[in-house]
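Each remark here refers to the structure printed beneath this line.
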Amino acid sequence: MSTLPTGVLVLVVGPSGVGKDTLIEGARKALEGDGRFSFVRRLVTRPADAGFEDHVSLEAAEFAAAAAAGRFALSWRAHGLDYALPIGVDTDLALGRVVIANISRHAVGAALARYPRCRIVEISAEISLRAERLARRGREDRDQIAARLAREGAILPEGVAPLVIDNSSSAAAGIAAFAMALRAIAGE
Ligand SMILES: Nc1ncnc2c1ncn2[C@@H]1O[C@H](COP(=O)(O)OP(=O)(O)O)[C@@H](O)[C@H]1O
Ligand SMILES: O=P(O)(O)OC[C@H]1O[C@H](OP(=O)(O)OP(=O)(O)O)[C@H](O)[C@@H]1O
């Protein structure tokens, strides 16, 4: 009897402004055409925002209906918004792919409970850099940026050791390190 391939879900976590979306988008471009990887497009109750993360934008009622219909692989709430990964994640994992998703630090426990083959990649950068970056990004107002900087992370479940990628220097360096980590995970 042959066993089905099982992929790996890469959970990209870290505080706001650290560069998660930048590294994910950069790695997506660097690895374009390599069928081993699948980059998840999240569903968020935030209006579509050109120039930022390319997410699927849902109204709150649409989000609730999709959740009730079982269309999400994982969902969580943060910053007054609802976020989800689509159920297509399950198909990509069944096909043996390395699936990359940006999730809340508070959703790691639930992700691990559902998907035992997870790797946690934590992106890091000092708070002063994050503050500058969020101001430059300009997606949130001053109060929202202050709340994001003050937001507490979650303690990772016991025994879970994240791979930490420092994004304190250039975005190009952070992207190269992240893409290299993904290639290593795919080769394991
Ligand atoms: N290494 C870096 N150096 C300078 N600016 C960066 C770097 N990484 C990301 N940025 C910028 O910082 C801002 C926040 O990055 P983003 O990827 O949106 O972070 P996150 O998704 O973790 O909140 C964006 O404007 C992005 O262009
Ligand atoms: O619980 P936390 O680990 O703090 O994360 C909360 C949420 O914020 C981030 O998304 P979002 O794109 O809204 O924010 P960001 O790009 O500023 O991190 C992250 O991907 C989570 O969905």
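Each residue, glycine too, has its Cβ placed from N, Cα and C.
Remember, TrEMBL labels are computer predictions, not curated facts.
What TrEMBL annotates here:
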- 6-183: domain 'Guanylate kinase/L-type calcium channel beta subunit' (DOMAIN)
- Gly14, Pro15, Ser16, Gly17, Val18, Gly19, Lys20, Asp21: ATP binding site (BINDING)
Listed binding-site residues adjacent to ligand 1, that is, members of Pro15, Val18, Gly19, Asp21 whose C-beta is under 6 A away: Val18, Gly19, Asp21
Residue with minimal Cβ packing [other Cβ atoms within 10 Å] among the binding-site residues Gly14, Pro15, Gly17, Gly19: Pro15
Collapsed DSSP category at Ser16 (ATP binding site): coil
Cβ-centroid neighbourhood (8 Å) of the ATP site, Gly14, Pro15, Ser16, Gly17, Val18, Gly19, Lys20, Asp21 excluded: Ile123, Ala125, Arg130, Arg133, Asn167
Those binding-site residues in Gly14, Val18, Gly19 whose CB falls under 6 A of ligand 2, listed in sequence order: none
Distant-in-sequence Cβ neighbours of Asp21 (ATP binding site), under 8 Å, six or more positions away: Phe52, Glu53, Asn102
Local Cβ density at Ser16 (ATP binding site) - other Cβ atoms counted within 10 Å: 21
Local Cβ density at Lys20 (ATP binding site) - other Cβ atoms counted within 10 Å: 22
Mean predicted confidence [pLDDT] for the domain 'Guanylate kinase/L-type calcium channel beta subunit' (6-183): 95
